[in-house]
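Please read the structure below before turning to the comments.
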């Protein structure tokens, strides 16, 4: 059995590989068609013009689904390992909520392009990477609370490193973007897809784009740390039938429902 066939380790692997491929394929397509400059464009710029826009949207929507599945499995795993620790259970529920918000933001990024609906696109980016960074923080704290009983200290330090990398990229991108779009270097820069090195604002633009790529891959790198954990977990669905048809409920099942309603439970 290959390492990615053990447990559910294929989920974080698929999430990372597919998401990275969505960035790379869109970038290659945009470069070949001369829609963006080869030297580090914004990731969003590589998904602005058809046909790469279609590819970008479809692939990121699938990434969002894989992200939700990965985060749910992580939630179930932490809950199963710590059934009696209330603080960990609360943090775990918070982490799942934040993670799914981040995935929703990824759907917004995929379907609302930067050059068309800029402010909605920015909201999606804030949800994906801003809320996503908080999700990483929660998972790092959980890793700290669960060591050394559940796993070694090494995984905590690796996740902390990925979190710090992500935070440094966020700060760098935020500062450079504020400088770039402050109005000092002209207006309507959101629509600008081609830059020349001699133009004013080019340095701020490059710092911003490099920071964005760094942010994206720091975010993906965090999920690589789930692979070893997911090798030790599997999920299965159990069908519980209340009758042999889909039309009439057995009498005892109806009685149970009536008892619950009388007791005030729904």
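Cβ coordinates come from backbone N, Cα and C, glycine included.
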Looking at 55-73, 74-92, I want to know which stretch TrEMBL calls transmembrane segment.
55-73
Under a Cβ pair cut-off of under 8 Å, which of the recorded stretches 12-35, 118-145, 157-182 contacts the transmembrane segment (94-112) most often?
118-145
Below 8 Å between Cβ atoms, which of the listed ranges 12-35, 55-73, 157-182 makes the most pairs with the transmembrane segment (118-145)?
157-182
